[in-house]
Amino acid sequence: MTLPEKLLKITPKILVIMGSVRSKRLCPTIATWVGEMGKRETNFDYEKVDLTDWPLSMSDEPGLPIMGIDVYTQEHTKAWGSKIAGADGFVFVTPQYNGGYPAILKNALDHLYHEWNGKPLLIVSYGGHGGGDCASQLKHVAGFLKMRVAPTMPALTLPRDKIVQGVVDPAVEFTKHLGELKKAFGEFSQLFESNPERKP
C-alpha cells in the first residue's frame, strides 16, 4: 500500500447517540458497553453522545432543515449540525417507550437533514421486550434522512427489576445477544466498505 493510500485509509469517527435523558436510566451504561464492543469488532473510533448535553428546543428555528445550514439561526442548532456533520457514522442506543422511541431522539434527528444523509447507522434498542418496535420506527425515519442502516438491529431484552432499579451489567445481562451484536457490527463495517467516499 502506497503512502497516499494509507493516508486515505482514515479511521471512521462514530457517534454513539443515547436515546434516553431520564434521570434514572440504563442508557449510559449500555451505550458505553456497545461502543466498547464496536471498537473491538471494527477498530473504528467511538464517541458517546448524551443528548442532555445538547438542549435543542422543539420549535425555535424558522427555516426547514432540508433547506441547508444557511437557514440555521440558533447557536445550539449550528453546534449540533457541526457535531453530526463531523461524524462518519452513528450507533443509536435507545430504550423503547410505549411502543416507540423517545421524543428527545426524534427532536435531535429532526433538527437536521443533510448532515445525516448517506451515513451508516446501526440501531441497538433495549427494553422488557427488546425494543423491536422502536427500532423499526427509527429505521423508517432514517430512510427518510437517507441514512444507510445495518440490516441487523439488536434488540436487548431486560428483566423488569433491572429496568426499575436502573442498574445493569451488560457483560452479564446481554451474553445471549453477543452473536447478534457481532453480526450487526460486521454489517455496519461493510456499509463503509461499500461507500467509496468513507472507507475504513
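Note: Cβ is positioned from N, Cα and C throughout, glycine not excepted.
Listed features, source Swiss-Prot:
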- R22, Q96, Y97, N98, G99, Y126: FMN binding site (BINDING)
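Sequence features, as recorded in Swiss-Prot, placed on the structure.
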| residue | record | Cβ contacts under 8 Å, 6 or more apart |
| --- | --- | --- |
| R22 | FMN binding site | none |
| Q96 | FMN binding site | S125, Y126, G127, H129, G130, G131, G132, D133, C134 |
| Y97 | FMN binding site | C134 |
| N98 | FMN binding site | none |
| G99 | FMN binding site | D133, C134 |
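Around Y126 (FMN binding site), a 10 Å sphere centred on its CB holds 32 further CB atoms from the protein chains shown. In this structure the residues listed as binding FMN are R22, Q96, Y97, N98, G99, Y126; their two most distant Cα atoms lie 17 Å apart.
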